[in-house]
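The domain 'CBS' feature in TrEMBL is assigned to A:140-203, A:204-260. Among the features that TrEMBL reports, transmembrane segment is placed at A:286-304, A:316-339, A:359-379, A:385-412, A:424-443.
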Number of protein chains: 2
Amino acid sequence: MQFQVTDELIDKLQYLIEEKNNEELLLHLEEVHHADIAEILTELNLEEATYLVKLLDSEKTAEALMELEEGVRERILENLSAKEIASELNEMDTDDAADIISELSLELQQDVISEISDEQHADDIVELLRYDEDSAGGLMAKELVKVNENWSVTGCMAEMRKQAENVTRVHSIYVVDDKNKLKGRLSLKDLLTASSNDNISDIYIPSVDYVNVHTEGEEVARIMQKYDLEAIPVVDEMNRLVGRITIDDIVDFIKEEAEKDYQMAAGISEDVEADASIWRLTRARLPWLILGLFGGLGAVYVMKGFEEALANYVELFFFTPLIAAMAGNVGVQSSAIIVQGLANDNLRGSLFNRLLKEIGLTLINGVVLGVLVILFGLIVGQPQIVSFTIALALITVIILAALIGTFVPIILDKQGIDPAIATGPFITTSNDIFGIFIFFYLAKTILGF
Amino acid sequence: MQFQVTDELIDKLQYLIEEKNNEELLLHLEEVHHADIAEILTELNLEEATYLVKLLDSEKTAEALMELEEGVRERILENLSAKEIASELNEMDTDDAADIISELSLELQQDVISEISDEQHADDIVELLRYDEDSAGGLMAKELVKVNENWSVTGCMAEMRKQAENVTRVHSIYVVDDKNKLKGRLSLKDLLTASSNDNISDIYIPSVDYVNVHTEGEEVARIMQKYDLEAIPVVDEMNRLVGRITIDDIVDFIKEEAEKDYQMAAGISEDVEADASIWRLTRARLPWLILGLFGGLGAVYVMKGFEEALANYVELFFFTPLIAAMAGNVGVQSSAIIVQGLANDNLRGSLFNRLLKEIGLTLINGVVLGVLVILFGLIVGQPQIVSFTIALALITVIILAALIGTFVPIILDKQGIDPAIATGPFITTSNDIFGIFIFFYLAKTILGF
């Protein structure tokens, strides 16, 4: 049932583009959804994609451009003139247009804006460019349907139909006063069932959730999700209605945030796709590897400091990778749970209780792991005092790792730093060094080498 | 602007519950949104929460129950009779009601269903229980607005208003034929602007995205996101319209999936919250730690096998944690990128090219890291041949780790296993052992100990 972008279709289109058979091309692509056009543009080479964008109606290509990955879009836009870009922007909602413009060079931005024919549209876009990308102001669109509280239902219907022309989807109708201050909302259902003698002020719902232009994107996402909203109005400092955010933008936002956290946890610092260039992938990955390398070199140093153990307790050196790995694993587990708790805003109770719980939990896990280590020692015929030392050190090390894993994201969050960074190689690396040091230090104390 | 659940409010409510001052309680909670009621229920103890649920109108508590974390909800429901649960379910949309019922014991399910007063509602719920939780059938609700293609616009308006009573939000009006087969959709906007002489068949849009009851949740999420849909109709094997899925359920689904992947990457196997019991947290975390421990013990064994290197090349043992950590880091990076590419369905090109690219990328990273290792060797006065051997082994090990990280998730995905599992301790652990073995094997070959 779903339209499929097949290899045959791509071959066919490439042939038609080469032949410059515009008529056939338009016929083939007429009924195709813009999201599928985007997929087609990704499959074509840059020249072919540019050809199609220039050929097709801006109404269709504008939306397709929005669906493209940033890299692909940038390359296509570089091949278009300021005027051509402006005609695409004319067809976009203001929030999308602002996103695209902000990707252009400053010089080109000026040129493109001056070429936008609809002056109101251009004004709106310029306004949106002022806000931080991840704030409600940066996420909102100017397109919305609003009515004045003093209007009658009949007058309102006419005006509303006019406004609805510019709005892809009418979620809610917002009610404002003469000064454009947000008063409440109307549902289409209410309007349908109202008598035509009513005034808007008689039928509107005065309670409405809204956010301020400066509200952070994450907070907007949290509110919309908590209250199952499909759109939320945005007001400025004077409580004037200036825009609205729709759920589809929030879905994209949530997904991007989740992907960023996931990549951060895996030690990838930029938002890269599998198909990014080797250079971008290196830039995203190498810094974390270098951090890990320094951690490893630090561990080398620590072990050198306990070199005298080689004489009688060489097993300790065989166990260091195990100790380091367990410290890393436990630290990542602890921090991942805290990072998610912070993201979902459902951490309750005091930090002290949380640390206490983490100690208890890790103690249980540690005892199980310690017993396994002692069993292993019995099987391979290791001196019991050594096995016991390793088990004890393991428990100590993972409790410390759990504390660091719990503590660090909470501290980072309080400092206004994204706590997700704590689940990455950062915590693994520091836990490695700490873990190995404590391991040998404890061993030295007990075994006395 | 946002309603806040403060400590004072909770204290006040607890006092009122103790006093059994129902009048004041109702007055306080009358205007409170169900999502905030849910937050309040979480803050109260079980007895107090149950008291409130019994006191408040089912219409409000039904929705609040849906917002609760599963554990809290289960405990509250255990305190209610089958009849009380049924009266909550009566107020819920069918999809929510089915979710709740599936959490109950089989015996209680029977009792509750037989107590649901609205027979059609009960029938619908029973139908939904048949589908797999993560399929379109399991995600959909029966509540929707549909019209027959043969109706007139005027007749349709009246019928629609009636249907809309039962539907929280009208997203789209679906058009069906006499056999209930899905034909297309109508927008409210179209209906508003249509002339009353028109027939539905004249004005409806025959192209409509839909999914089958058996479509997987992830596929539904992908389609709704790709096409920016706010609701999608669900059809059965005969193409009959049986339900619809709304975007708010998909938002929850996307978030849950992202959290699952994130936790998997961190070595946590069940969906646990920070506030879960120690027992549940142990169950989620310990298995991965034991896996890691076995990996570490395997590494001990490998190193024992190269014990003869201790005589002349003890540095090698100091470097094993570094080698193991780097193998783990690179493997996780590689697999995370592939897992996301698979999830977003944007992996293009052959597996061979992908592996080639990964080798090239890791070679670049490896050379940088290798040079750093050699520099470190110069600084600490390590024999150059040893530094060189370690650098070379490091490059070899991380290339292998990158290949495993790329290969394993693709293979798992082809086998129908969630590839996200590959970014967890699973890949780190196997890379540790492989890495350490290759490290010593190479060193033995070059240094000849």
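Note: Cβ is positioned from N, Cα and C throughout, glycine not excepted.
What you see is a predicted model, and the numbers here were worked out from it, not measured in a lab.
Model confidence over the domain 'CBS' (A:204-260) stands at 88, taken as the mean pLDDT rounded to a whole number.
Here the domain 'CBS' (A:204-260) is broken down by DSSP into helix, strand and coil counts: 24 helix, 16 strand, 17 coil.
Using DSSP to sort the residues of the domain 'CBS' (A:140-203) gives these counts of helix, strand and coil: 22 helix, 17 strand, 25 coil. Using a Cβ-Cβ cut-off under 8 Å and counting only residues 6 or more beyond its ends in the same chain, the transmembrane segment (A:385-412) has close neighbours at 313, 315-316, 319, 322-323, 326-328, 330-335, 338-339, 342, 351, 354-355, 358-359, 361-363, 365-367, 369-371, 373-374, 376-378, 418-423, 427, 430-431, 434-435, 438-439, 442-443, 446-447.
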